[in-house]
Ligand code: GDP
């Protein structure tokens, strides 16, 4: 296994409940290192661009509206097989289906307000990191 990077978002339901630290601790305890982090308020255009792959799905508008409903924390995470490590600690999209001990089982409110985003491939991780961070903002 190699040390790789992935992209994470702590979503508005989590920042609203003051869970930035709680979520980040679970990421760190899973072996991931935060090598870039910033709290931002996404614009509708930014959120629509980020989720463009979902634009045909029935929940697209609701998802975008949710993602701009409050601040988010965007992060670059580094670790062994970071994409898979992060997806494992995140848990299933629907918290009802998520394993015990995962972030979504612990914190998510619903299938939409599910506390975290994580890239689903190395390729998408690179695209998503570049969408929010300049290279000099990432310090490993
Ligand atoms: P993820 O990779 O586990 O985040 O899941 P997806 O890529 O399938 O979906 C992206 C995000 O859209 C999820 O994290 C949820 O916030 C939201 N989402 C997914 N499925 C649904 C749904 O059926 N209804 C609603 N309202 N939101 C959904």
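For all residues, glycine too, the Cβ spot is worked out from N, Cα and C.
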Candidates 114, 124, the one TrEMBL lists with 11, 59, 87, 93, 104 as binding ATP: 114
Contacting binding-site residues, sequence order - 11, 87, 104 vs ligand 1, Cβ under 6 Å: none
Integer Å distance between the CA atoms belonging to residue 117 (active site, pros-phosphohistidine intermediate) and residue 59 (ATP binding site): 16
DSSP-derived helix, strand and coil totals, residue by residue, for the domain 'Nucleoside diphosphate kinase-like' (3-140): 64 helix, 28 strand, 46 coil
Same-chain residues at least 6 apart in sequence whose Cβ lies under 8 Å from residue 104 (ATP binding site): 90, 91, 92, 93, 95, 98, 114, 115, 116
Lowest local Cβ density among 93, 114, which the record lists as binding-site residues, within 10 Å: 93
